[in-house]
Amino acid sequence: MYLYDQYDQAMVDARVAEFRDQAQRRLDGKLSEDQFKPLRLMNGLYLQLHAYMLRVAIPYGTLSSRQMHALADIADKYDRGYGHFTTRQNIQYNWIKLEEAADILADLAKVEMHAIQTSGNCIRNISSDHFAGAAADEVTDPRPYAELLRQWSSFHPEFAYLPRKFKICVIASDRDRAAMKLHDIGIQIVEKDGEMGAAFYVGGGMGRTPMIAPCIKDFVPLDRLVSYAEACLRVYNRYGRRDNKYKARIKILVHEMGADAYAKEVDEEFAHLLDQGVEPPFAELERIRTFFEDPAFAAAGADDEIDRSDPDFALWVDRNTHAHKADGYVSAVVSLKPVGGIPGDATAEQMHLMADLARDYSFDELRVMHTQNIVLPHVRKSDLHKLWTALDEAGLGTPNLDRIGDIIACPGLDYCSLANARSIPLAQKISQRFADNGKEETLGELKLKISGCINACGHHHAGHIGILGVDRKGTENYQLLLGGSEAEDTSLAKITGPGFTEDGVVDAIETVSDLYLSSRVEGERFIDTYRRIGMTPFKEALYG
Amino acid sequence: MADPQYPAEGGLGQGHDEVQLRYRDDELVDHASVTVDSFLAQSNASAVRIEPGDDTRELLRHLERIRLVEVNFPSFGDGRGYSAARILRESGYDGEIRAVGDVLVDQIAYMRRCGFDAFAPERPLNESDVEAALNRFPHVYQAAADSRTPIWNLRHGDAA
């Protein structure tokens, strides 16, 4: 775990003081809402349908037990006893009072957390692989590079007023668990001829114009990482469109210029910046790396064999654990998707429990997944049964990772001022339907993602099945999409045809999943069958 | 950091070009700035005004004759001017860079870091707010066009 030093702490403390002053001026009527808005947005404070919403940054999705306890305390003290984990690996609180917002930031600062740059047209929280530092398939832990970029991007004076928001993701495996190519910049740490470097994918994104990022540089040496990132951002800041908010993301710039032309501009800027002293001393990267060294894993022993005599436990192990690089360990996924529940929500009690379980069984560490679940990254196989028992008793043991019940859903019209349709009740209905009819088990891996508007916070473009809520003449209507993937085989889902009512789209999902079941050949997932047989049979089943 | 010089009443400029804050000791340029296109077409201008869509790099061949660059911010949310200022400083320009237009107190600290050393905001700023904003953050994480030492250099032995 990265730990703040005096400098990191001083910066966060200064931000709290600044915001306390700004919020007080707003409360005293010295600032209008128009004047206050850009200031509160720089601290992740949104004004939503019913209340203020605060988005707290969780850098690269990594939390300590102490931090998770603090998030639970905030849910209890300032909200209604729960929080919502997001597709950006952050947490949002939905019922915040402006009078208390600065106190929350102060509570966060005590555990080395903040809400800096969680909104606004700036570089947002850096996301990463939720199995970083644990996965057997990574070339290195990507988080030191994410942390370096966190520092570089924090209070960056040139890039605070970009054309639009900017999201960066860092992974270090050929297996993409972080939707890397659907970010403004996706970075993959790679090894080439015994040297480590960074491949840059620039111009991906979802929203109303989804695009998969092209690779614009296959190898940037690690001692030039910041300079190259700075060049990418400067070209965007100078040339990104500002005439139309919907065409302002970097994906449009890269698309309109062409990836080669954009890459050429970046190379010229990069060559110029190499002489400007923007790169941190390499010793800083080495210092950061020391915080991410492996915990003291126990030597593999005789009790590494998992006792599978309890079938419910065995099912959870099969579904919700992931191969670890250390013998005798796995990463365990805590599902925040109970049958019929609200995806990504956790109560304060559940957060406290997860924090305690991380302390007892996972070297004090937790991760937030972009799929809105929580990972205990380093669990000894011999502890798994105790862990599962405790989770199951708290409603956190649902064995549905990457199943149809493991739905990504944005907050939707229940909370969000941008939404056109509700996402949460639909997710609850789908989850309930496929639990009741027993098909979840048979369907296998099936990633379902729901967005309540075209901004695509629920990643519907990247769902094996995606749902987009729209407003059709004042009524909520749901479009169905098929064939998306946010993994290393990134693809964008296509709309099946005319939309459905809320109940109609639940039926439609059952129709397409039944067609998959009757069409699949041995070993095919839903997405594989879709790619083999194409859209036409699905359309016929839905509308024929 | 030098104390700002406050130009005397009736000093340079009119209307929204009134310089409110200046962090330089040299003489104010006493003639109006011209557009980038005009500047490139005439050889005697020493003050030029950059609009957000202008390519700052076109000026780099002429830096020796420029004494003032005004960077216009029609809206505070258009951040192209930050890159313009940094590019000028990175190219060795040490004349005045003046932010004009929709310049708000919350932008001043970042503008200073990008190389702006004079401000002519449309609406005058409260000077004690400016002072507070400039002194709010004790450190900086990254290198920019100012002389502040980034945190990551401080950590590894460089003096502030």
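Numbering starts at 1 and runs along the chain as it is shown here.
For all residues, glycine too, the Cβ spot is worked out from N, Cα and C.
According to TrEMBL, the features are:
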- A:52-110: domain 'Nitrite/Sulfite reductase ferredoxin-like' (DOMAIN)
- A:119-272: domain 'Nitrite/sulphite reductase 4Fe-4S' (DOMAIN)
- A:342-394: domain 'Nitrite/Sulfite reductase ferredoxin-like' (DOMAIN)
- A:403-542: domain 'Nitrite/sulphite reductase 4Fe-4S' (DOMAIN)
Model confidence over the domain 'Nitrite/Sulfite reductase ferredoxin-like' (A:52-110) (mean pLDDT, whole number): 97
Secondary structure content of the domain 'Nitrite/Sulfite reductase ferredoxin-like' (A:52-110), with strand meaning DSSP E or B: 30 helix, 19 strand, 10 coil
Winner by Cβ pairs under 8 Å against the domain 'Nitrite/Sulfite reductase ferredoxin-like' (A:342-394), considering only A:52-110, A:119-272, A:403-542: A:52-110
Secondary structure composition of the domain 'Nitrite/sulphite reductase 4Fe-4S' (A:403-542) [DSSP: H/G/I, E/B, coil]: 58 helix, 27 strand, 55 coil
The domain 'Nitrite/Sulfite reductase ferredoxin-like' (A:342-394) - residue tally per DSSP class, helix then strand then coil: 27 helix, 14 strand, 12 coil
